[in-house]
Structure formats: structure tokens, C-alpha cells
Amino acid sequence: MCGIVGYAGKKNAESVLVVGLICLEYRGYDSAGIAVLDQGDILVRKSKGKIKDLEAYLREFPAPGNVGIGHTRWATHGEPNQINAHPHTDTNSTVAVVHNGIIENYLELKSQLKKKGHVFQSLTDTEVLPHLLEESKKNGKSNKDSFLELFGKIHGKWAISSVFETEPDRVYFAQDGAPLLIGKGKGEYFLASDISPLTRNCEEVYYVNSGEWGYFSQNEFKLFDFSGKELNPTFKKQELRWEDLDKGGYPHYMIKEIHEQAGIFRKIIQERILENSEIVFPEIKLSKDVLSRVNRIIIQAAGTSYYAGMIGKHYLENFAKIQTDTEASSEFRYRNPVVEGDTLIMGISQSGETADTLASIHEAKAKFIKVVSLVNNVNSTIARESDSYIRTDAGPEIGVASTKAFTAQVLNLLLFSIYMANLKWLISDEEQKILIEEIKLLPAKIDRILAQASKIEEMSSHFTTAKDFIFLGRTYNHPVAMEGALKLKEISYIHASGYAGGEFKHGPIALITNEVPVVCIAPKSEIYTKMVSNIQEIKARKGIIISIVTEGDQEAKSLSDYCFEIPECSEILSPILNVIPLQLLAYYSAIARGCPPDQPRNLAKSVTVE
């Protein structure tokens, strides 16, 4: 959600911070700002809107200096405007603070500070932080001690960075439940909410753990725990290339990432499947003996990852015969679920920082339940705090609406299900070999779908004024219908709902008119005739039918107003192929309606608040 950057070195801090904020744009934001230390003064520059608006402001009011912090804000408290934008300062602008997360007790703290004469300018929870630091300094505390004292006063999950005018060469930082990284360059240090701003200049990085704080200057870095004990951090080599974050000639990250899916599948298949069709997960630390005893799996996820988990439930129950429940992380943690020793919690998160999923993992570990997470960022908090993790291996995903991470999650869940079936002796070598051979054909089939993207582009041009969409699917493709609806409303702002085909007559059919497009996912399968019945019901009520069918299909195609054919495959693999035209439909609908597909309004790539 919010993005934090910081810098101390020889370069112009304003330029470094702005470039860093641009790298964090994909996380979602509504305002941006920086604070730069200049000869003992803190120069705060911030604006509502995009980074380009901040850059325009900086051309008029530059912020010279070599040390500073910056922030992109995604509003949680107070509307998006310049006053509520970060950084925030104390009464006399002696300290500036940027913050990601939520201060849950800010109203109580604000009331206490007002009684002591503090005057607040914004409606944010963040503004209490510089005033708390100011109050500590009034009581004779040093900058360092004031910063440390702050952590015991605030409740919630957060990351903070601060600069003081009396220490013009130093940047302070801390985190308790929200991600922060330190980057080490040549005679300079960087701070960021994720790896993307650090790829150009940093040779090594350190992932700050929850409950750690510290400070850095041009040539100094110190790290402590919340008790004040000094720590000895180990920096890791930074391996992500700047080119990995480039659009690669595509107009948007989303369409680039859609087109990367075949290559990602080739990579996963090559790394996960041996020549003898054996499936390997070398990163899983839990023993095969422990995994073979698992008799229940609870999948925790949010958004698109939740729908991937729903497909994973089908796979795990079908192949490994393990009772599997898929739950929204935000709901699981607020009840008292019945779990036993041989239950496995599986958290799914692209970023590895999803706040609700992380909280659910903490809940599971408090009950002594083993956790294996499926994450795209193996250095993330969720990966570090799980007993083990599985690499999604989708590569950096910058577009806010997840595409390639979704299909990579589904493929990994399928392979993990076969792996678990093998541990439990529930699949023969021959059965596994046949299935693996079909999986190996997926990349070429994805390429064939993407080669027909222009058909979806033309189709989407007919629905620029549509106000509602309905998506229908059954069994494995019910979650695909829900994911297709989510994608469309996320980036084209068209209201859309996804339903199980069997539930259509139980309410949603009342919405059908000649102005409502209905996407029917109807590949050849055991329940194909049921989907054809849905299509006939829609046609009888003059609904607009868009069908996704298997190549060569005539029955469903003849009943449809628009049709897109996917290569033939088993029902088990059909979700992977069926979702790709829905991703394209969402993308081209957004373009046709003039919506920004990479930065849809109100959305954040990494949801780090609960």
C-alpha cells in the first residue's frame, strides 16, 4: 500500500527519492511527498495526485540536500490531499516522519497530545508520530531515545522512517509488521518498502525484521531490537535486475505480464519436473514424513490468491484425497477454527506481505500448526515467518491486477497436489506420467491463446458502455469466473460478479436483460451440458452471451453472441487456459474505457494493512 523510501549519501537526495517513489507507484497511491535535510533545515515537499505532480512542485520549490525520506500515500485516514500527504512534521518542523500501516490508538494519543498544547494540521493517524517525538524531546530525550520510546506508545502494524534537523546526516527507521529493506551502495545507504527502488544502486540488501529499528548515514549503519540491544545484520546479495522491472516494449505492465505466462510455465516445469516425471519442491523444509501425515489443509489467502486457493482445493482433494478448506484470511483469524496436529495451513500471497494472511499465519502458529506458504517473494515476511514456503516463481509482478502470479500459483498448487498424492501412494507412476506430459503442453497452448489476443481486443470494444457483467463457471472454473469478474471490475471499473453455474437460477438470473453481457466458461468436460443449459437460459432471456469454449465446439458456440476458443485440454488444466482470455478482456476493456490498467483507482498492489 503506502511506499517508503530513504537515502543518505553524496547524490542529490531529491532525485534519488523521486526515482524511488516512481518505482513504488505500482503499489497504489493518491499523493506523494519527500523531506530533505538541507543545512540543518527540513524541506518538506508534497502534493496530491501522481509523482509527476510532485515533480512539477519540486521544479518550482526544489529541495537540495543529500539526506532525506519519501512516501507514496494510499489513504486510510483522511481524504487524499496535500495536507494529509506525508511526510508529517512536529509543531516547529524539527522532525519529519513517513509511515506505512495503521496506528490503531491514534485518537487516544491525539487527545493526550492536544491537552499538552499540540496542534494538528491533518486528519491522518501518522501525524501523532512527529508530535510524540517532539514531546519526548521536550522531556530531555535524545533523538535516538525518543525514537525508541515511540514504539511502546503506538499500537498496530507499521513501518516508520524519520529525520531530525539536529542530525542532518542520519535517517531513522523501524518496522513492526510492515515491510522495510535497507540497501547498501558505494558510500550510500537506501531505504525502501520493497526491492524495486534498490535494484539500480544497491549491491546488497537487508530485510528488516519485525521488532527491529536503526539508523544510517552515508557510511554508517546501526540496527537494534526494540529492547535497545544492538544487532549484527547480515546483508544479502541483491540479484534482481533493473531490466526485470522494465515494460519491455509493452505499453503497460499488465499486458507484458499476461504475455510472460508461457515463459514462466516453461521455467516452472523445467525446475519442478524431473526427466522421470518426478515432481520436486527442494525449498520445502518440512520432512516428507510430516507431509505424508497431513490429513487436512486450510488455505489462507485474499483477492486473486484466494481464487487460486479455491482451485487448489479441487486439486488437493482430487489427487491427494486431503480435506481442504479455502478461507479468506481476513475472516479466518477472527473466529476460533477447529484445527488438529496433522492440519497444515497454506498461506498464499503474491507479495508475501498481505497483512490479513500474515495475521492468519500468526494465529495458526499460536496453535502450533505447521505453515507452508506459496509466495512470489521468498524474502518476504510471510516466507520468513512460515515453517516453509513454496516459490511461485512468476518473477516480479508490477501491475496492480495480478495475472501471471495467479496462473503460476495454480500450476504450483497442481504440482504440489500431485506431489502430496505421491507421498501418500495415491497416484501410480503411469497416471502421473500421463498428467505430466499434458502439463508440459501448457506453455505452447498459452502461446496459441495469446496469439489471438486481437480477437479479445475487438470483442471488448463492444462493451465500453456496459454497466454490469456476469461470469459463470462450474467446478474447477467456478473460481475462474470469480477471478474474471474481479479483474474486470478492478481495472475497467465495470461492476461484475462471478457465480457457480448451478447457482445461477437461485437469484442471479433475475439480473439478465439484453444489456447484460454474461461470460460463460464452457470447456469440454463432464459438466459441459450443464453449462450449455445455462447458456440456453440466458439466451431465452435475451442476455448477451460471451462463451469460452474448447476448439471445435459447435453447440455452445452456435448459441453465443461472442465466442473465444481455447486449445483442447483436460478439465483439470482448463482453469489455467480459460483465465487468460478473461485477463485480456479486462485489460482491453480498461484501455477502451480510458482506464489506467497498471494503476487502477483506490487499489494497492500489496495490502499491508488489515
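Using the three backbone atoms N, Cα and C, a Cβ is placed for every residue, glycine included.
Worth saying up front: this structure is predicted, and the values here are computed from it rather than measured.
Following the DSSP three-state reduction, the secondary structure of Cys2 (active site, nucleophile) is coil. Per Swiss-Prot, the feature active site, nucleophile maps to Cys2.
Annotated active site, for Fru-6P isomerization activity per Swiss-Prot: Lys605, in sequence order.
Under the heading domain 'Glutamine amidotransferase type-2', Swiss-Prot lists 2-219, citing sequence analysis as support.
In terms of DSSP helix, strand and coil, the domain 'SIS 1' (287-431) has 66 helix, 29 strand, 50 coil. Residues or ranges marked as domain 'SIS 1' by Swiss-Prot on the basis of sequence analysis: 287-431.
Residues annotated as domain 'SIS 2' in Swiss-Prot, with sequence analysis given as evidence: 459-600. Helix, strand and coil counts from DSSP across the domain 'SIS 2' (459-600) read 70 helix, 30 strand, 42 coil.
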Would you count the other CB atoms within 10 A of the CB of Cys2 (active site, nucleophile), including those on all shown protein chains? 29
